[in-house]
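> Have a look at the structure that comes next, please.
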């Protein structure tokens with residue numbers, strides 16, 4: 001009896017949620033990006049279709065849909081520093097740290113974001129670089145505004161943060177695709193891509209996909225042994241150096 | 001062809017790296033110096049993070065000094081007892097250096113200290129070398145034979161206590177200056193990513209009066225041992241040794257050094273020294289500019305702790 005009641009509640013919650021929204025069927029080209037010795041960046045394609053929810057009538061699908069895809073990389077603690085002139089020398093004077101700061105953040109949309117939804121709606125859905133969850137300052141709170149703007153600017157200069165307006169293409173009223181460029185220095189780790197469906201300035205549906213970026217093969221072996229077996233890694237580096245030096249001494253005996 | 005550097009986490013052209021190693025190797029063969037003091041700045045200027053540049057160049061210096069040290073070893077041009085004193089004190093200096101390196105890196109002042117360190121050492125040594133070389137060139141032009149300044153048999157250093165006999169060098173000196181020199185070179189080398197040969201050789205000659213027949217070999221052996229220890233210390237402590245970067249530089253530099261050595265035979269000593277002094281000063285000026293000029297972008301960022309790898 002209890003089980004049936006629970007099932008009914010769960011079902012009705014699902015039902016209500018589905019009734020309010022269209023569905024997104026989304027996929028991507030590469031669930032795993034491998035960084036090897038010749039890695040010079042990679043392109044991922046995201047594509048999907050907007051479909052009616054199960055209970056909706058056939059005419060629930062209209063047009064005027066907008067897609068915004070947010071791709072975020074692994075987070076870390078990042079410090080923004082400002083050089084100040086002290087005693088005639090420029091040195092790092094002030095700093096503000098940010099916890100859980102995404103190391104990669106691209107926002108791809110089919111139109112400029114301000115034509116899709118208002119600032120508030122975007123920010124609530126994490127579609128702004130300065131949304132609250134992505135800026136958790138530590139230390140000098142008074143300067144957070146300025147330092148966070150500068151930090152975002154630095155990330156944008158490295159193509160780690162990027163807004164691509166008109167990056168999503170609609171091939172029909174409901175079928176879309178988008179390409180995301182991962183630069184050569186893309187950080188390793190787990191990524192999440194959240195596709196948002198907007199209509200008339202309101203979020204109608206969203207869907208999350210995960211993918212990961214990993215160094216593979218020899219490079220992965222090197223970076224993991226540098227961390228896990230750092231003494232032997234250093235020792236091997238020294239032996240390699242001595243061997244190279246010895247070999248050159250033998251090869252070009254002067 | 002792009003080569004992905006797993007520790008620096010950037011891709012660089014492999015031919016650029018080997019070429020850079022080759023160019024520095026050429027200069028080091030030409031002048032008989034290790035080349036770390038040129039290679040580290042060049043890597044920093046080409047975009048490699050300073051901690052990775054410093055730590056990886058230590059590996060390259062090991063390779064560069066090995067072939068030289070071996071050839072002096074075969075000729076018996078090494079004072080093993082003196083070298084072992086220098087090495088033991090040097091390794092303790094390197095411990096302090098790597099520890100300081102870690103603290104400065106966390107505080108965000110490593111780049112500043114590296115720039116200041118290079119500015120002070122390269123600036124003062126470059127000026128001294130240039131002054132000395134120009135003076136001897138002028139005297140040479142004037143047709144006078146330059147009397148080689150023979151250091152006096154004893155100076156105040158030789159009056160210090162705890163004297164030890166170094167048979168091979170024909171020396172009977174206090175261990176205090178020996179240990180102090182060794183430790184300073186170890187400290188500076190690990191902090192700045194230089195072998196320190198260009199500081200060590202003059203120190204051995206002018207302070208300890210080590211005879212010319214063993215000074216180069218002994219200093220090469222000390223540089224080799226200290227840099228080997230420093231590479232391991234950096235690998236363990238800061239994990240910033242990029243083996244791919246170090247290996248590309250090694251390959252380039254050992255080849256470049258051969259050409260440099262044969263080119264060096266066609267140039268006169270004081271001309272070589274003047275040329276080296278100018279290069280050293282140029283690097284010092286480059287660091288001075290980065291410290292004194294208003295930076296184009298006063299803001300910078302660093303990752304303190306990684307997320308899920």
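For all residues, glycine too, the Cβ spot is worked out from N, Cα and C.
Because TrEMBL annotations are produced automatically, they should be read as predictions rather than curated entries.
Among the features that TrEMBL reports, transmembrane segment is placed at B:12-38, B:50-73, B:85-106, B:112-131, B:175-208, B:214-236, B:243-261, B:273-293.
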> Sequence gap of 6 or more, Cβ distance under 8 Å, 3 or more pairs: do the transmembrane segment (B:50-73) and the transmembrane segment (B:273-293) meet that?
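As far as Cβ distances go (cut-off 8 Å, pairs 6 or more apart), the transmembrane segment (B:50-73) and the transmembrane segment (B:273-293) do not touch.
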> Which residues of the chain, 6 or more past the ends of the transmembrane segment (B:112-131), have a CB below 8 A from one of its CBs?
37, 40-41, 44, 50, 54, 104, 188, 191-193, 198-199, 273-274, 276-278, 280-281, 283-284, 287-288, 290-291
> Would you say the transmembrane segment (B:12-38) and the transmembrane segment (B:273-293) are in contact under the rule of three or more C-beta pairs closer than 8 Å, pairs 6 or more apart in sequence?
yes
> Between the transmembrane segment (B:175-208) and the transmembrane segment (B:12-38), are there at least three Cβ pairs closer than 8 Å, leaving out pairs fewer than 6 positions apart?
yes
> Count the CB pairs under 8 A between the transmembrane segment (B:243-261) and each of B:12-38, B:85-106, B:214-236, then give me the winner.
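Per the Cβ count, the answer is B:12-38.
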> Quickly jot the same-chain residues contacting the transmembrane segment (B:12-38) by Cβ under 8 Å, restricted to those at least six beyond its ends, or write none.
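Residues packing against the transmembrane segment (B:12-38) from afar: 1-3, 5, 46-48, 57-58, 60-61, 64-65, 118, 121-122, 189, 192-198, 216, 223, 227, 245, 248-264, 267, 272-273, 275-276, 279-280, 283.
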